[in-house]
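Now, the feature entries from Swiss-Prot:
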DISULFID  4-21  disulfide bond
DISULFID  8-23  disulfide bond
DISULFID  13-28  disulfide bond
């Protein structure tokens with residue numbers, strides 16, 4: 001999986017979620 005430039009510690013993945021990224025271990029991964 002490729003780490004996206006967004007974290008999801010306090011809020012879920014937002015912008016990167018539109019690119020197919022999902023939360024994993026506090027970081028958004030594609």
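Just so you know, glycine gets a Cβ as well, placed from its N, Cα and C.
Residue 28 (disulfide bond) is 6 Å away from residue 8 (disulfide bond) when you measure Cα to Cα. Secondary structure from DSSP puts residue 28 (disulfide bond) in a beta strand.
Of all Cβ atoms in the protein chains displayed, 21 besides its own lie within 10 Å of the Cβ of residue 13 (disulfide bond). Cβ-based neighbour count (10 Å, all protein chains) for residue 8 (disulfide bond) stands at 20. Cβ neighbours of residue 4 (disulfide bond) (same chain, under 8 Å, six or more residues apart in sequence): 13, 16, 19, 21, 27, 28, 29, 30.
Note: residue 23 (disulfide bond) has non-local neighbours 8, 12, 13, 29, i.e. same-chain residues 6+ apart with C-beta under 8 A of its own C-beta.
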